[in-house]
Amino acid sequence: MSAVPMKAFLAGLFLLANAWHITAINEQHQKHHLQCWHCSSDTIGAEDFCDVTFQEDNIPTDLIKERNINLLRSCNGTINSDHERAVCRKTVEENNGKLITKRFCYYTNKSDPVELCNITSPEKNVRRIFCEDCLTDRCNGALAGASILEMLLLLPIAGLIQQFAI
């Protein structure tokens, strides 16, 4: 085999290997479904763990198993779109004078900013107090702004470490 056909053969083999690798990575990525908490503080028994502050330790695991309730949902399972994406959503709303916290899967346009849920209007006679979309597993159980608070608490410690290092 001469040098030119050998180079063409190797280049073709390289392209096929890359195409297979990209396909395998895409299939792996598509198999991962976003995991979101799914609960409402308005549900009897859920107020102990699904309130404004999510208390995973307060989830009544025996009751959940007995009634076959799944509080963690796979969100991407029903979506196959180039234009939509699954997000985990947490809302706090006032409905007829009662404060209700909900956590669930939601689908938005990929082009929409994550902050859009603060702008959209809820149902009639409902006043939205808080809304947050997030894109990582179980993120709708976290406190709003927890990462910012952690950063604010860590900054003075980082400053002290840097001061002693000099």
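Yeah, the Cβs are placed from backbone N, Cα and C, and that goes for glycine too.
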Next on the checklist: Tell me which of Cys131, Cys139 Swiss-Prot records as disulfide-bonded to Cys134.
Outcome noted: Cys139
Next on the checklist: Using a 10 Å cut-off between Cα atoms, which of these recorded positions sit near Asn140 (GPI-anchor amidated asparagine): Cys75, Asn76, Cys88, Cys105, Asn109, Asn118?
Outcome noted: Cys88, Cys105
Item to check | Fewest other C-beta atoms within 10 angstroms, as judged across Cys39, Cys50, Cys139, which are the disulfide-bonded residues | outcome: Cys139
Checklist entry - Which one is closest to Asn118 (N-linked glycosylation site) in space, judged by CA to CA distance, out of the disulfide-bonded residues Cys39, Cys75, Cys105, Cys131, Cys134? => result Cys131
Item to check | All-chain count of other Cβ atoms within 10 Å of Cys36 (disulfide bond) | outcome: 26
